Amino acid sequence: MKILTINTGSSSLKFTLYKHKNTQILVSGTIEKIKTKKSIIKIKTKNGLLEKTDKHIKSHKEALKQLIRILTNKKLKIIENPDEIQGIGHRIVHGGPSFKNSTILNTNTLSELKKISKLAPLHNPIAIKVIEITLKIFPNAKQVLCFDTSWHKTMNENAFLYATPYSWYKDYNIRKYGFHGLSYSYITKRVATILNKPKEDLNLIILHLGNGSSINAVKKGLSYDTSMGLTPLEGLVMGTRSGDIDPAIIPLMSKLLNKTPKKIEEILNKQSGMLGISLKSNDLRDIWEGVKNNEYNSKLAVEIMAYRIKKYIGSYLAVLDFNIDAIIFTAGIGVTDYGIRELSLKGFEKIGIEIDPQKNNLARDKHTESDISSEKSKTKILVIPTNEELTILEDTYNLITKPS
């Protein structure tokens, strides 16, 4: 059985085609900078063949046409026609109150997904467009919606409710939902294997640090609390997102800058975070260069980011009763940036959480798992590359093979 996973971004399309029997990857790739004249297609085949092509891809529809050309390319020998693909799993950022688990795509679920898109206007609408196109391109494939919010369905009301009028929650579903759930699900299972401990016995703090970042407290193998909220804007300092702020800033800056609240929200999402503080870049690699050159704002950006992470780790240690099995760093920054890991855990050695500097310094490869805890550390500190696609694959396979 061949299953395709699709991860749609606002200007990108990430895909992996699996042969499910042994989770063999037949081809994977990304189509980046969609809607620009500098679009990039990167693919990697099962034989390790890497290709990079520059094209002008005007839309996600055109990107999907390119995907079909890649999959049916006779030289690559992946598939002969689209009907060979029996299942497609879509990563959906926001499932709102409607979707507690991954679900089969049908008329009803697509309709419900459209209704909740107002909760994620930056993410869900473009994913829906891609879904509607894939329904035409792959008419015979069963398709599945896999939600980043579903993992957090186990949070208690005291963790997910805001202290706003209760009617906002009951009437408008205003609450914390959390994100990066596909990643947290994979990491939790992986840690259970690494530590040789039942998943339901695990207490973890997982840091998904990338251009978008969040942190998850896992209690007895289930999501207990998380930093992102109603939207992915809440929580940690991110590449271009502010993370936690005083909400009164929005009407104040709207007045001072003579801009609409919607425009201020856009600034908080796209021009803030590391980019906003550093005055340089949303890319931490560029900011570290600034630190080396003694640039004040670059140093400040790194300090603010690490300080916010440290505060969240401390608070999650408290809600987990200071009883945790491991702290895990994952995603692009979490796996490669030893400096942020060191700063984020500085001081925790006093309560038995200690990094080994040499191991930490060596853990920079985005594909390699590492144990960076010192011999004295009472808590494991692990670096584990995430694999959201594998979570999508498993959920898709389980749903499309389930007896009706």
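Any Cβ shown, glycine's included, is placed from N, Cα and C.
As the structure is a computational prediction, the values presented were derived from the model and not from experiment.
According to Swiss-Prot, the protein has these features:
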type	residues	note
BINDING	Asn7, Glu388	Mg(2+) binding site
BINDING	Lys14, His208, Leu209, Gly210, Asn211, Gly212, Asp283, Leu284, Arg285	ATP binding site
BINDING	Arg91	substrate binding site
ACT_SITE	Asp148	active site, proton donor/acceptor
SITE	His180	site 'Transition state stabilizer'
SITE	Arg241	site 'Transition state stabilizer'
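Structural mapping of features recorded in Swiss-Prot.
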residue: Asn7; record: Mg(2+) binding site; Cβ contacts under 8 Å, 6 or more apart: Leu13, Lys14, Phe15, Arg91, Glu388, Glu389, Ile392
residue: His180; record: site 'Transition state stabilizer'; Cβ contacts under 8 Å, 6 or more apart: Asp148, His208, Gly212, Ser214, Asn216, Thr226, Met228, Ala331
residue: Leu209; record: ATP binding site; Cβ contacts under 8 Å, 6 or more apart: Leu236, Ile309, Phe329, Thr330, Ala331, Gly332, Ile333, Gly334, Asp337, Ile340
residue: Asn211; record: ATP binding site; Cβ contacts under 8 Å, 6 or more apart: Met238, Gly239, Thr240, Asn282, Gly332
residue: Arg241; record: site 'Transition state stabilizer'; Cβ contacts under 8 Å, 6 or more apart: Gly212, Pro232, Leu233, Leu268, Asn269, Lys270, Ser272, Gly273
residue: Asp283; record: ATP binding site; Cβ contacts under 8 Å, 6 or more apart: Gly239
residue: Arg285; record: ATP binding site; Cβ contacts under 8 Å, 6 or more apart: none
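When the recorded positions Asp148, Glu388 are compared by the number of other C-beta atoms lying within 10 angstroms of their own C-beta, Glu388 comes out lowest.
The sparsest Cβ neighbourhood within 10 Å, among the listed binding-site residues (Lys14, Arg91), is found at Lys14.
Within the set Lys14, His208, Leu209, Gly210, Asn211, Gly212, Asp283, Leu284, Arg285 that the record links to ATP, no two Cα atoms are more than 23 Å apart, and one pair reaches that distance. A coil conformation is recorded for Asn211 (ATP binding site) in the three-state DSSP classification, outside any helix or strand. Annotation note: His180 (site 'Transition state stabilizer') sits in a coil segment as assigned by DSSP. In three-state terms derived from DSSP, Asp283 (ATP binding site) belongs to neither a helical nor a strand segment and is classed as coil.
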